[in-house]
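Enquirer: One structure is given below, represented as structure tokens, and several questions about it will come after.
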Amino acid sequence: MTHVLDGNAVGKRIRDDLRDSIADLDSAGVKPGLATVLMSDDPASETYVSMKQRACDNLGIESIHHELDADAPADELFDTVETLNNASEVHGILVQMPVPDHVDKREVLRSVDPVKDVDGFHPENVGRLVAGDARFKPCTPHGIQMLLADAGVETEGADAVIVGRSDIVGKPMVNLLIQKEPGGNATTTVCHSRTKNLSEKTRQADILIAAAGSPELIDGSMITEGTTVIDVGVNRVDADTEKGYELVGDVEFESAKEKAGVITPVPGGVGPMTITMLLYNTVKAASIQEDVAVDLP
Ligand code: NAD
């Protein structure tokens, strides 16, 4: 029987545990605060930011939101980040990507104070992750690591194949899986748009992580019996629905489910874990900045 992982349920359990960590902070007079900054008219970005704000509200994390016109000068964004870097009630800062073309994305990532960088994308935090001394693990790969652990999927010695080499999913995922620590010790292969014979690689996977942003790229013929399949993709495809589209993953769920030992659905798999780990990082950031020890899930 294929085990379909429930990211909503695992995420909820972690968020419930985070309530205890937040209570520890509260006893020390600290309320964790997350600032979101949106500089985009993209409805998907607006939805992501409002989901993050709602998740904060539900857990008792203060959420502070700044919205800038998409055509505002870049300096307006940098000034906003600087103000948030200096605001003591703000422990985490998240600038929703993508930013408009006239804003240098790398400069944005560098502008956030590394101790408030709850996305984990500042070069200092990327370096710490690679060096095995992570401060903030990027939310999506960290959420996947937690999902695997919750399902009892052993990473040690496993052949993990990651499809996608982005800075936010593929690269940090590899770096988590190769660390000498629980949830790591895997043997990793990274595939990308120039990879030859993709299915040859994916069939070697004990754990296959699809993060290509390509609808249903991976089907059942590309995986081996018993593989753990983690589908990160969220793709809008035209469909005869009220909205005119539906969301599909990078994996063709029905055919992959026939072969997989463990599989995540889209939606309801990786997505809820990403938001949960953002809350986790915000609590961690508050604990570091306020020097209050808390137990994290
Ligand atoms: P990206 O576009 O930055 O990177 C995609 C990567 O996939 C690239 O490295 C590219 O080389 C590789 N790729 C593309 N087509 C390929 C192919 N045919 N064969 C092999 N490799 C291929 O994307 P991203 O930001 O990493 O996101 C990937 C997907 O995950 C998107 O659908 C995105 O919406 C989704 N996502 C979901 C969550 C979540 O929480 N559920 C979080 C982040 C991203």
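Note that Cβ sites are derived from N, Cα and C of the backbone, with glycine treated the same way.
Not my notes, these are from TrEMBL:
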- G164, R165, S166, V234: NADP(+) binding site (BINDING)
- 5-119: domain 'Tetrahydrofolate dehydrogenase/cyclohydrolase catalytic' (DOMAIN)
- 138-288: domain 'Tetrahydrofolate dehydrogenase/cyclohydrolase NAD(P)-binding' (DOMAIN)
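Could you tell me the structural context for the features on the list?
Expert: Listed in sequence order, the residues of the same chain lying 6 or more apart from G164 (NADP(+) binding site) and placing their CB within less than 8 Å of its CB are G170, C191, H192, I209, A210, A211, A212, G213, V232.
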Enquirer: Look at the binding-site residues S166, V234 and tell me which residue has the greatest number of other C-beta atoms within 10 angstroms of its C-beta.
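Expert: Answer by Cβ density within 10 Å: V234.
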Enquirer: Among all the protein chains here, how many other CB atoms are within 10 A of the CB of R165 (NADP(+) binding site)?
Expert: 18
Enquirer: Given the NADP(+) binding site residues G164, R165, S166, V234 in the record, what is the largest Cα to Cα distance, rounded to whole Å?
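Expert: The widest Cα-Cα gap among those binding residues is 16 Å.
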